[in-house]
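Asks: Okay, so TrEMBL annotates it like this:
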- B:His124, B:Tyr128: heme binding site (BINDING)
- B:1-8: topological domain 'Cytoplasmic' (TOPO_DOM)
- B:30-156: topological domain 'Extracellular' (TOPO_DOM)
Amino acid sequence: MAEFFHMGGYAFYVWMSFGISALVLLVNFLQPLLKHRQALREAEDYYSEV
Amino acid sequence: MSPLRKKRMYLVMLLLTAVSVATFLIIQAFNQNMMFFYSTTEVKSGAAPTDRDFRIGGLVVNGTVKRADDSLLVSFDLTDSQTPVTVQYTGILPDLFREGQGIIAKGQLNGNGVFVAEEVLAKHDENYMPPEVADSIQKAQMAQTEMPAMPANHKN
Amino acid sequence: MNIIAKWYYRLGAPNWFYPLAGKMIPWVAAIFVALLIPGLYMGLVTAPADYQQGESFRIMYVHVPAAWLSMFVYAAMAIAAVVALVWRVRMAEIMIISSAPIGASFAFIALITGSLWGKPMWGAWWVWDARLTSELILFFIYLGIFALYNAIEDKQTAGKAMSILTLVGVINLPIIHYSVVWWNTLHQAATVSKFDTPSIHIDMLIPLLLMAAAFQFLYLLLLLMKMRANLLEQDLASGWVKKIVFERQKNLKK
């Protein structure tokens, strides 16, 4: 297992690559979730006032 | 398609054509600057600039790598399989540096026709395989005693 | 175009698209995970180390799919731009503006992981060769498209301007692809898209194709999510959002 994480001495480069990619894609996933929820709340406020 | 849409389609195609032509002309104008490196033959024939740093690319010739005992100075020959050029470099070489490897060095020629590099980059090829497969391919090639292949996109 | 058809295009489509996308999202997400898990496992564990690059070549399994997708997303946007300009379909504009941040993210990942791969293998984080520079330009074009749309208040004008910019930028795609053929570059030539057999061992190729397929579905997933969010936000005062809000409240009361 330790050997797996060591990546033949390239651990920093390999895990940084996968880590940064995961982070960027996670942000892309969360952003529309939050935006959708926000838009739905705004729509509900809008129609409860009308 | 309605006439209006047809007109818009023509405008779209006109836009694309205009942009393509403009880009083609720009690329033509800067073609020489788009080249990342010069081949060893170009350097020997004087095609490379003499007043500023430039990059030279080629394969490390087998058996020419000499390392100094007391410093990081290393010298080796690069070739495009026609003209060899000797390169000197002081510093740490990239992991992929080895004999037969495609290398790109940045620096200038000195008076003796030796290229003094301040940066050495390794250019790897587009082949990916496990070591055992590479070994068997190499053995097969040894049997035919072939010259090493040129880097894939090195045609000049 | 008569006024009725125009309103149909403007409002009819989201009303149909929004619930359909909502139904598709869980399925697309499931396919994405089903491709990602074996792709990651094979790429990181079972694929053999490379004869030259050792374990560092595993960066390929994020770098290459991200780079492919950064170009695929743009090609899809360019097709949508033609549809938006010629047929004036608003949904195509929503597709472009929802794709731009995803494409920018893929280009960003390709650049960062390429840098993390270049440092140990080439010996440099970054060089200004034709491949790297044209990919960086692609990243900036994505940002430009996103910024242009958001800078113009009137969304009809913004959509048209953005579509034109998208079409102008499409010229960069062949440049990126052929940069390693046309010019001397530090970046190596194509491995998989060559016409002869791919120069990659089959055990290394399979995880690459799995990851590429996973990224393809990830794009679809993120696109559907972003389009839904953007549509809801823009159409706040329109009939179809009103219907959705009332139906939601009815379901909540039950």
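Cβ atoms are placed via backbone N, Cα and C, with glycine included.
Note that the coordinates shown come from a computational prediction; the quantities given were computed from them, not determined experimentally.
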Asks: Would you report the average pLDDT that the model assigns to the topological domain 'Extracellular' (B:30-156)?
Replies: 82
Asks: Going by DSSP, give the three-state secondary structure for B:Tyr128 (heme binding site).
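Replies: Note: B:Tyr128 (heme binding site) is in a strand by DSSP.
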Asks: Tell me the Cβ neighbour count for B:His124 (heme binding site), meaning other Cβ atoms within 10 Å of its Cβ, over all protein chains shown.
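Replies: Result for B:His124 (heme binding site): 21 neighbouring Cβ atoms inside 10 Å.
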Asks: Report the DSSP secondary-structure composition of the topological domain 'Cytoplasmic' (B:1-8) as helix, strand and coil residue counts.
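Replies: Helix/strand/coil tally for the topological domain 'Cytoplasmic' (B:1-8): 6 helix, 0 strand, 2 coil.
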Asks: Under an 8 Å Cβ to Cβ limit, what residues of the same chain, 6 or more beyond the ends of the topological domain 'Cytoplasmic' (B:1-8), are close to it?
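Replies: Distant Cβ neighbours of the topological domain 'Cytoplasmic' (B:1-8): there are none.
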Asks: Would you mind listing, in sequence order, the residues at least six apart from B:Tyr128 (heme binding site) in the same chain with a Cβ closer than 8 Å to its Cβ?
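Replies: Set apart from B:Tyr128 (heme binding site) by at least 6 residues yet with Cβ under 8 Å, there are none.
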Asks: According to DSSP, how is the topological domain 'Extracellular' (B:30-156) divided among helix, strand and coil residues?
Replies: 24 helix, 43 strand, 60 coil
